[in-house]
Amino acid sequence: SRFAERLAQLEEAEGAFDYFTLSYRSFGIQRRSDNGLVLREWAPGAEAVFLTGDFNSWEKQSHPFTQKEYGKWELYLSPKVDKSPAIKKSGLISGPFLSVSLTFLLSRPQFQHPRPPRPSSLRIYEAHVGISSPEEKIASYRNFTRDVLPRIKDLGYNCVQLMAIMEHAYYASFGYQVTNFFAASSRFGTPDDLKHLVDTAHSMGITVLLDMVHSHASSNTEDGLNYFDGTDSCFFHGGSRGNHSLWGSRLFNYSSWEVVRFLLSNLRWWMEEYHFDGFRFDAVTSMLYHHHGTSFSGNYSEYFGIHVDEDALVYLMLANHILHKLYPQCITVAEDVSGMPGLCRSIEEGGLGFDYRLTMAVPDKWIQVLKEVRDEDWDLKNIVQTLTNRRRGEASITYAESHDQALVGDKSLAFWLMDKEMYTNMSALTAMTPVIDRGIQLHKLIRLLTHSLGGEGYLNFMGNEFGHPEWLDFPRKGNNESYHYARRQFNLVDIEHLRYRQLYAFDRDMNLTEDKYGWLAAGQAAVTTLNQADKVIVFERSNLLFIFNFHPCNSYIDYRVAVEHAGKYKIKLNSDELQYGGHGRLVQDTEFFTEPMPFNGRAQSFLVSFISITTFHRDVSNTE
């Protein structure tokens, strides 16, 4: 009812939410057809506002804004004698307690390709443009377009999620301390370069999501929103409520009419101006609760009560409502660790309207297992419980690791598994050491088990698909401003004798197998065998039979597992193949037949020899 009331107020006052959310076309700097410039800002706490810059020799008070109602200010700049705009590049909005620098480029979209259809099985490649080169530098949009997009396509990912695009002054913030919400980061290139990146991705059939930070903003005053009008409560809550104590950032006041205008218009701007296909909303948990996140047990009292920020919740409902009404193919993903019920149900059902949520407990479980538990002591029941413990009817994006695990201070899966031997023993020209052998096999098993059992979508952070051998650390004082760890060494995959190439090949074929059979779009898997002693997991999903052997020592002959249908089965993906760094003990496309034998109440049993992990496809034309 709060959402319906807010939406009705918005439409009554502004005419329609379409007009309201296009406010970016009237605020900021707008160029008229005659090259005259109209500047409009919302600064309710300012006493006066002036514009100064190169165009007026930095005279501080020669160009005052006119005060309008509701805290708005306007200024019109006539074109020059030669009919060109009065301001070409930069200026400074200033006034008592107000000084905000601005730089703008006049750009028009040049898109040649339509948005691709929304994928039924979402396979996301999480990426950061600046670290996308093996070189020790800040890579560019053009570099990413030329060198990385073809790899994403080859790997079988149908979606790229771009981090750190919204302008941010502090590079090492990973883009999560936004200073300008209506600017693509200039450190990677021009706006047209980013548009070319998105357009090229669309030409490849790749959906593009933007990492959207509407949960907080940088506390910078010179180049950010903080103290924009000279007060601490313009865009944010005043006092301590407006400060995030852990992040040192400012928290939006979602009850403010103009803040909602700003944020919803921001979503429209990225969709219209850059043709993004949707958003991954960052830090949704911090938005939903006044405490900004704590430990959650799953008790429903944790999700309903005065500790829930209903203004933020209603804002998220408005955002999803508008995006899905105006762009029916739009994808929205929530980063929420709390498990808020209804987060990914439709607004008509009382939900918040997101399409997917991230299964943030899964990567934490894998790190905990690798860090604390011996191979022979793995609790498969607990692992399977973690992978399948999600709200039915609410789609999830699952992942074994993301950018969080790659950051300095943590370790990627490959590093937990192989550690320093990744630097010396990854050559296929020499025999595998026990550490590398174990690491490569588990790296494949963990990723496929997560991919096939853990959700309705899958995510991978760039480089982790091939076991990138180094952590991620941005230039800072603590590392002498070095770019050595702020890069991704894709060149390792191009060296034929290195085993990184084998992990890359498995990740590619894993995605291509999913693309063919569509298990992510199917219902949740039916786990038919969970043998703790044998370390065996078997389940069925999307007409496929998945068999995993996690035992550190044992292989099995004529191992009996349940299947629902009798018939002929073929091995379609086998992690033990030589091309994937395996030992070649099973042959691709080998056929197996079921025998009609009762097993644990299921209809049939299946006799099969297997070593590591296999994905079988049932030939539905031979089920008799």
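Glycine residues also receive a Cβ, built from the backbone N, Cα and C atoms like all the rest.
Per TrEMBL, the features are:
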type: DOMAIN; residues: 144-491; note: domain 'Glycosyl hydrolase family 13 catalytic'
type: ACT_SITE; residues: ASP282; note: active site, nucleophile
type: ACT_SITE; residues: GLU335; note: active site, proton donor
Cα-Cα distance linking GLU335 (active site, proton donor) and the residue listed as 'active site, nucleophile', given in Å to the nearest integer:
5
Non-local Cβ contacts of GLU335 (active site, proton donor) (under 8 Å, 6 or more apart, same chain)?
ARG280, PHE281, ASP282, ALA283, VAL284, THR285, ARG357, LEU358, MET360
I'd like the number of other C-beta atoms within 10 A of the C-beta of ASP282 (active site, nucleophile), please.
23
So what's the average pLDDT for the domain 'Glycosyl hydrolase family 13 catalytic' (144-491)?
95
